[in-house]
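Worksheet for the structure shown next.
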Amino acid sequence: MTKEINTIGVLTSGGDAPGMNAAIRSVVRAALAKGMKVVGINRGYNGLISGDIHEMTSKSVSDIIQRGGTILHTARCLEFMEPQGQQRGADMCKVFGIDGLVVIGGDGSFKGAEKLANLGINTIGLPGTIDLDIACTDYTIGFDTAVNTAMEAIDKIRDTSTSHERCSIVEVMGRDAGYIALWTGIANGAEAVLLPEKENMSTEALIRMIIENRNKGKRHNLIINAEGSNLDSVKLAKKIEEVTGISTRATILGHLQRGGSPTAVDRMHASMMGAFAVDLLAEGKSNRVVAYKDGQYVDYDINEALDMKKSMSDLRYEVSRVLSI
Ligand SMILES: Nc1ncnc2c1ncn2[C@@H]1O[C@H](COP(=O)(O)OP(=O)(O)OP(=O)(O)O)[C@@H](O)[C@H]1O
Ligand SMILES: O=P(O)(O)OC[C@H]1O[C@](O)(CO)[C@@H](O)[C@@H]1O
Ligand SMILES: [Mg+2]
């Protein structure tokens, strides 16, 4: 027999991602519409452990759909990595009568959610990370905004790089995943993209490419380096300049990629996924992860979802190489 859900908890965890607010709003309003009570948990698993938990109303989520960041704040909670911390979190859910918990976060947050699920707390994961590194889903909330932000910044770097006939190394975020790099590599027309998932060009091969490009008449080179690749952007820039004599600059885009007003794509997925999560709870489903797969919103068992392995599209990588000539 499935247990009726009376109180839903919602938290955001890991790095913030544009669209998290839209997801919180959706969870809160979809749950209220079904007559459920909603509590917001501040600062991710830190707030769960300490009981930083407050009731939310329709008004608590007004005027946030367009805002970056997360009104619930977020954290990387070391204590929750340990079984004792996870048990404290599960106990606190019981103290506050939370019978369905929605965790909005990335792969790490999902591992935490899996631990809670295995401790008997009905937990639903919503993919929210700029890294797009969750295996079970084609989309994670925040990715579209982050890629667009990075693309616009790289366009600006390109203007000055072209004017000075320079080589630019631009490092983008993504932790151990190269999706932001691959997408900006194609969208910004980079000469090369360095990814953690692929065997990259060596420094020597890159230098040779730059020299050959100069001989072909190219006046500037743009190399996108994923932060998780095997090459250090600053050292690479120095080496290229030393060997080629071409003025070279490294730019690390950093946290600007995590901020800003979410795009329509992120607001749409966040709103749909939030409502989908509440539907799952209302239907009596437990311990699921919401995903966007082949154009549909679907759900997976949380343990199965975490066992899946992510693979990067060879086609996109190939196209990025073909178009870089
Ligand atoms: N193996 C794990 N077991 C329990 N909890 C975990 C585990 N891994 C991560 N967590 C919890 O989830 C939090 C967020 O994880 P992490 O820092 O990896 O970010 P994320 O959710 O992957 O988001 P992003 O990668 O976008 O920053 C961690 O600080 C920790 O509290
Ligand atoms: O904000 P922090 O803790 O420095 O984390 C940076 C990391 O978080 C992300 O922005 C999101 O996971 C990664 O791309 C990056 O490696
Ligand atoms: Mg992560």
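The first residue you see is number 1, and the count goes up from there.
Cβ from N, Cα, C; glycine included.
Curation plays no part in TrEMBL annotations; they are all automatic predictions.
Pulled from TrEMBL, these are the features on record:
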- 8-281: domain 'Phosphofructokinase' (DOMAIN)
- Gly15, Arg76, Cys77, Gly106, Asp107, Gly108, Ser109: ATP binding site (BINDING)
- Arg25, Ser26, Val27, Val28, Arg29, Arg158, Gly189, Ala190, Glu191, Lys216, Lys218, Arg219, His220: ADP binding site (BINDING)
- Asp107: Mg(2+) binding site (BINDING)
- Thr129, Ile130, Asp131, Arg166, Met173, Gly174, Arg175, Glu227, Arg249, His255, Leu256, Gln257, Arg258: substrate binding site (BINDING)
- Asp131: active site, proton acceptor (ACT_SITE)
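TrEMBL feature annotations superimposed on the structure.
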| residue | record | Cβ within 10 Å |
| --- | --- | --- |
| Arg25 | ADP binding site | 24 |
| Val27 | ADP binding site | 32 |
| Gly106 | ATP binding site | 25 |
| Asp107 | ATP binding site | 20 |
| Thr129 | substrate binding site | 29 |
| Glu191 | ADP binding site | 20 |
| His220 | ADP binding site | 20 |
| Arg249 | substrate binding site | 18 |
| Leu256 | substrate binding site | 13 |
| Arg258 | substrate binding site | 19 |
Rounded to the nearest Å - Cα separation of Ser109 (ATP binding site) and Arg29 (ADP binding site): 23
Where the C-beta lies under 6 angstroms from ligand 2, the matching binding-site residues among Asp107, Ser109, His220: none
Densest Cβ neighbourhood among Gly15, Gly108, Gly189 (binding-site residues), 10 Å radius: Gly15
8 Å Cβ shell about Gly15, Arg76, Cys77, Gly106, Asp107, Gly108, Ser109 centroid, ATP site members excluded: Ser13, Gly14, Gly44, Gly105, Gly112, Thr129
Binding-site residues compared (Arg76, Arg175, Lys218) - highest count of Cβ atoms within 10 Å: Arg175
Binding-site residues close to ligand 3 - of Cys77, Gly106, Asp107, Gly108, Met173, His220, only those whose C-beta is under 6 Å away: Gly106, Asp107, Gly108
From binding-site residues Gly15, Arg29, Cys77, Lys218, His220, the one whose Cα lies nearest Asp131 (substrate binding site): Gly15
Sparsest-packed of the listed binding-site residues (Arg29, Met173) - C-beta count within 10 angstroms: Arg29
Local backbone state of Asp107 (ATP binding site), from DSSP in three classes: helix
Cα separation, Asp107 (ATP binding site) to Leu256 (substrate binding site) (Å, whole number): 21
Nearest of the binding-site residues (Cys77, Gly106, Lys218) to Arg249 (substrate binding site) - Cα to Cα: Lys218
Cβ under 6 Å from ligand 1: qualifying binding-site residues of Val27, Gly106, Gly108, Leu256, Arg258: Gly106, Gly108
Pairwise CA distance, Met173 (substrate binding site) versus Cys77 (ATP binding site), rounded so that it is a whole Å: 21
